[in-house]
Amino acid sequence: MKSFILLALVLTSVHVTTAGSAAHRCFCQVTGTLDDCACDVETIDSFNNKEIFPKLQKLLSSDYFRFYKVNLNNPCPFWTDHSQCGLKYCAVKPCTECIWHILVLLDVDYFPPQYSEAASQDIEECEKAEKLGAVDGSLSDETRQALQEWKKHDDESDRFCMLDDEDSPKSQYVDLLLNPERFTGYKGPEAWRIWNSIYEENCFKPYSVKRPLNPLASNSGLCVEKRAFFRLVSGLHASINTHLSARYLLDGKSRLWGHNVSEFQQRFDEELTEGEGPKRLRNLYFLYLIELRALAKILPYFERPAFHLYTGQRTQDNENKKLLLELLHVAKSFPLHFDETALFAGNKKEAMKLKEDFKMTFKNISRIMDCVECFKCRLWGKLQTQGLGTALKILFSERQIEAMPNMSNTNPSFQLSRQEIVSLFNAFGRISTSVRELENFRSLLSNLKQ
């Protein structure tokens, strides 16, 4: 491990020199209490890294949580041009030799005769030519059949709502472990347009904000609910940037992935970001508290004897539920939870209007993810926005969840689909990983300083 860190430092040394004096500051030392919260950063770091992160990673490696159904073929609903990511690592190459990958991506079971022979001969070459931004959608026949059985089991229960990706004929199951979130090279005007649309058109932005990707310190003019929404989006943005910096392609020839200190500094250094970097990281911690609170609140739903993490493997399913409940009890034990009662607690009519605004705005942000040209970025963007949306749904449904133990299991007042459950925990897994990676970057920067 030490040798890998040293190698990563050597490989990133060129990038670090471009940051000038920033290399000698541990700028990511975000400390103290968070706005709108009674919690402090140090408590979150210790709790996440020691208590939550190890258990969560084990849970997310199980079959129930590793498969996510997603439609990567929806057209962008907000602009009509069909530009594609210009970098070679962003998308599946649309060529005859890669038709096998395209068919798998589209979840097509039938191979056209003119392509079947070429596909069978070129599978190995296609796998070698796979780019960083491509989604590996290959699943065995046995796995596909099992997933259909899982869905059949879940469809027997009532649904809270219908999910477009889950019901679309163009959707496919993707193995998240085969498609880790990491650097793809997707950036520039195309990526900026995505975040600009989110911040400028679909986010409750502080009145003082002039530039969407450089939100100023003041949140004046916003009520606590709208300020919270803005901070959630900013926190999600910061978390994604942390992942890309932590799993950066350091050497393309040897496929060496690691921490790019310079990339991290460009996004979060206080001086290089004109004071915005630490605020972005504080919003990441705020997002962590919101999703952690949702996990604590949802415990009664999963404690029901009728609930199963069904994959058809009874022993493993029982073990996974035991691990899930253990994780949720740990989440509930956190001493400084976010107080969601401060949200939507005013005038009943105004509170209901704010809730509806939240829902409509968040759905719109989810649709923007269909405009992301990089398939792998689109996959994780859709999953994390759905996961955060599910967390908000839980916090908005506190009374229904609390009433569940006293109601019949045949008609519960609150429901989560398998899709929502998978996205909820994987999205929190991304935020938990980001908090853990901040400690790694602190260590790397400390070594540089010495």
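Note: Cβ is positioned from N, Cα and C throughout, glycine not excepted.
The record in TrEMBL pairs C377 in a disulfide bond with C374, which is drawn from C371, C374. Between the CA atoms of R267 (FAD binding site) and C377 (disulfide bond) there is a gap of 18 Å, rounded to the nearest whole number.
You'll find the Cα of W195 (FAD binding site) roughly 13 Å from the Cα of C377 (disulfide bond).
A 10 Å radius around the C-alpha of C377 (disulfide bond) takes in these binding-site residues out of R182, T184, S234, H237, in sequence order: R182, T184. Of all the Cβ atoms in the protein chains shown, 27 others lie within 10 Å of the Cβ of C374 (disulfide bond). Taking every pair among R182, T184, W195, S234, H237, R267, the residues listed as contacting FAD, the largest Cα to Cα separation comes to 21 Å.
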